[in-house]
Amino acid sequence: MVTETKESRRYSPNLLVTGTPGCGKSTTCELLMRRLPDYTYFNISEFAEKHKCYDGYDESRKSHIVDDDKLLDELEPLLRRGKSIIDWHVNDVFPERLIDLVVVLRCDNSILFDRLHGRGYHESKIQENLDAEIMGVVLQDALDSYEQEIVVELQSNSTEEMDANVERIVAWQEMWLTQHKNGVTNEYQGELPKDSNSDEEQQEESSASSDESSSDESETAEEDAGSN
Ligand SMILES: Nc1ncnc2c1ncn2[C@@H]1O[C@H](COP(=O)(O)OP(=O)(O)OP(=O)(O)O)[C@@H](O)[C@H]1O
Ligand SMILES: [Mg+2]
């Protein structure tokens, strides 16, 4: 007996914008949404709170602990449609098959200090985030979780850099559309090569990818979603 499963495909990309808290994810996404108004924006801190995707409370961090399984149960049907902009400092939760571009925003430490200090963060929390940024924890997590070709590291120290980043992401998604006219599968591809999309081109993402990966040892980034 042959059982048929209908393959689901998306025809627009899912963009993940990640980086240490304070690097400018939400501000960048806000600008990006103005350029891509038919995309859906998922701020995962807010999404997790709204959908109660929590598994307890971390007293030391004064923040909820996000239940990754619950989060994915809620989010996956939405991501399967494509056209998503995802904003979260944790990036390794989202399955590779649902993510088309991972933007890792980076920030110089003195600037990041000012931003976090300006938020009134406690000294220990500022230091934890500065350490994570220096060590490139989020970038390393992204490189560990996704094909290097879809991970792009962008500096976000100034508004000029942020504007340029938005332009670059918009240009990348336009290129994706022209190169994936038949969409890409939402399904797990098993033993097939990781980027065996419908189209043959394997270099399409490379123009968006970073030239170097500059991180050192990784350590778990703080899991303080929703703790602002
Ligand atoms: N490239 C930039 N140039 C100047 N200011 C910036 C830039 N990026 C962010 N900011 C400022 O830094 C602050 C933090 O930015 P934002 O809230 O976007 O960070 P975030 O990465 O979303 O943080 P979190 O993970 O805590 O949500 C904001 O006040 C924002 O205006
Ligand atoms: Mg934010």
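We count from 1, first residue shown onward.
Cβ atoms are placed via backbone N, Cα and C, with glycine included.
Copied over from TrEMBL:
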- Gly22, Gly24, Lys25, Ser26, Thr27, Arg119: ATP binding site (BINDING)
- 43-66: region 'NMPbind' (REGION)
- 118-128: region 'LID' (REGION)
- 184-228: region 'Disordered' (REGION)
- 213-228: compositional bias 'Acidic residues' (COMPBIAS)
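Candidate binding-site residues: Gly22, Gly24, Ser26, Thr27, Arg119. Those with a Cβ under 6 Å from ligand 2, in sequence order, are Ser26. Filtering Gly22, Lys25, Arg119 by Cβ distance to ligand 1 (under 6 A) retains the following binding-site residues: Gly22, Lys25. Just so you know, of the binding-site residues Lys25, Arg119, the Cβ with the fewest other Cβ atoms around it within 10 Å is the one at Arg119. Summarising model confidence by region, the region 'LID' (118-128) averages a pLDDT of 95. Listed in chain order, the residues near the ATP site other than Gly22, Gly24, Lys25, Ser26, Thr27, Arg119 are Pro21, Cys23, Thr28, Arg115, each with its Cβ within 8 Å of the site Cβ centroid.
Under DSSP, Lys25 (ATP binding site) is assigned to a helix (H, G or I) in the three-state scheme. Under DSSP, the residues of the region 'NMPbind' (43-66) split into helix, strand and coil as follows: 7 helix, 10 strand, 7 coil.
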